[in-house]
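Taking it in order: structure first as structure tokens, then the write-up.
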Amino acid sequence: AKMAAAASDLLTGWCLFGLALLAILIFCWVYVRKYQSRRESEVISTITAIFALAVALITSALLPVDIFLVSYMKNQNGTFKVWADANVSRQIEDTVLYGYYTLYSIILFCVFLWIPFVYFYYEEKEDDDGNTCSQVKTALKYTLGFITICAVLLLIGAFVPLDIPNKKNSTEWEKVKLLFEEFGSSHGLTALSFSISSLTVIGMLAAITYTAYGMSALPLNLIKGTTSAAYERLENTEGIEEVEQHLLRIKSKCRDGRPLSSRDRRTLKQLEERLRTLRRRERHLESIEKSWWTKFCEAIRPLKIVWGVFFIIVALLFTVSLFLSNLDKALHSAGFDSGFIILGTNLTNPLNMLLPILQRVFPLDYILITTIVMYFIFTSMAGIRNMGIWFFWIRLYKIRRGKTRPQALLFLCMILLLIVLHTSYMIYSLAPQYVMYGSQKYLVQAAFVATYNQLGDTFRSLLYVILFPFTLDQCIVTRTYLFLHKFWFFSAAYYFGNWAFIAVFLIGLIVSCCKGKKSIIEGEVDDDDSDMSDDELSVYYH
């Protein structure tokens, strides 16, 4: 009966996993098709973008699964469940660990090989006329640089161990031999971890740039809404009449055959371009005003405000928790050389208080942690969409509905892959003990619970440090935590990155509050658009 129940649970789990995977693939297909340009869409770039986006979402969903599995193996009294013996626990840990290694290896493959190759292939396709062989060769040549960077990172991670015995009598050959022995004992997994940690630092910079801004801009945009299409059409019509009158005044200067001055010619050209843009805006606004989608959005306007309020509450909870966690590390950690790692929490943050309360009702704590992870991903997507893709002060691409170039979609997916790598550390910063152990309890806690409740905060922290070695033996650490603290210098970089994230979020919040309502077609019509691009948006709205 127990085996039948276990088999039924396993089948149910696989069915849920299949449905979740199907839902992720459908979302990725809809998202990519929503933003990609109809005129410039390519099969390979579309498949690559959908695949990379799906990998990002699946990887982000692995953290809640990891926490659930280590928690599910223990009872509420701190004892392991009957089926969770040493072998079963080890198999579950290995399965999750191999899942991380598989997804992280796929991310390395996408970031350093597949996405760069497809990107450079289409860059060459625009410059070359139909010579596929030449395009492939040039793309491989540029991609080789990314492969070289990946190989260097793997070699550094494989052959630069963290702890080298300092033996003065050891020869150079013995030191080299030690490096290879450590590489063999870890099976190259440390090399993969170092490469992923290096990419996580880049993901941290992307999160500071895009996610921090998206967390402030997305909720406020939902609350404030957009301007009315009818009102914008009225303003646009007035703008067209004003430009046409200005054009007539300039053209009247040459009615008697006199040529226009160079200044008037430049002004005439600028006004004609401005008039074309305003007429395109007029067509778009007319199309949007008649669209059923616009009417639907107006009908659910109250729901958008509710979602905006909910998102801003989550953002503030996220930021306050991150600030208190970082402040705790600044005051109570061993400092820079330890990567600002602390055992336990001395300053309780709202998320650390909320999760233990939600643990009493299954599965509220997992719903909350999944919500935070998904919120982190979707605000990143919103930040990239609103800001576009930048290289320092140079704007490379815009992310626009129905007009995004294939290269821009590839950039968006690569940035999301890097941000997802940083998500685990951000969640760990918010709730370190929960990310390490989930809802597990250890037996020694029951013996001291009465005394523990009567102690002050200082003595509780001291008791935690004394009992921490016992928890390592009695509780199972999540595989995520093992990835986070292999290299102390990366942990130190993440610590400073958290402060930068908080600062950018506050700046973005102030800027978003000061800005007025967005135009209903903001970003859809630009001066450099062609008239053919009008057909793409009209297809989308109809």
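Glycine too: its Cβ is placed from the backbone N, Cα and C atoms.
Any TrEMBL annotation is an automated prediction that lacks curation.
If you look up TrEMBL, you'll see 261-288 marked as coiled coil. The transmembrane segment feature in TrEMBL is assigned to 12-32, 44-65, 98-122, 142-162, 189-213, 305-324, 366-396, 408-428, 488-511.
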* Asked: Hey, which bits of the same chain come close to the transmembrane segment (366-396), Cβ under 8 Å, at least six residues off its ends?
  -> 31, 35, 56-57, 60-61, 63-64, 67-68, 206-207, 209-215, 217-218, 311, 314-315, 318, 351, 354-355, 358, 408, 411-412, 415-416, 419-420, 423, 426-427, 430-431, 434
* Do any residues of this chain, six or more beyond the ends of the transmembrane segment (305-324), have a C-beta under 8 angstroms from a C-beta of it, and if so which? -> 215-216, 218-223, 225, 347-352, 371-372, 375, 379, 426, 429-431, 498, 501-502, 505-506
* Structure fact -> Within the same chain, the residues 6 or more beyond the ends of the transmembrane segment (189-213) and with Cβ under 8 Å of it are 101, 104-105, 107-108, 111, 150, 153-158, 161, 182-183, 376, 379-380, 383-384, 386-387, 390, 415, 417-423, 425-426, 483, 486-487, 490, 493-494, 497, 500-502, 504-505, 508
* Per-residue pLDDT averaged over the coiled coil (261-288) comes to what? -> 83
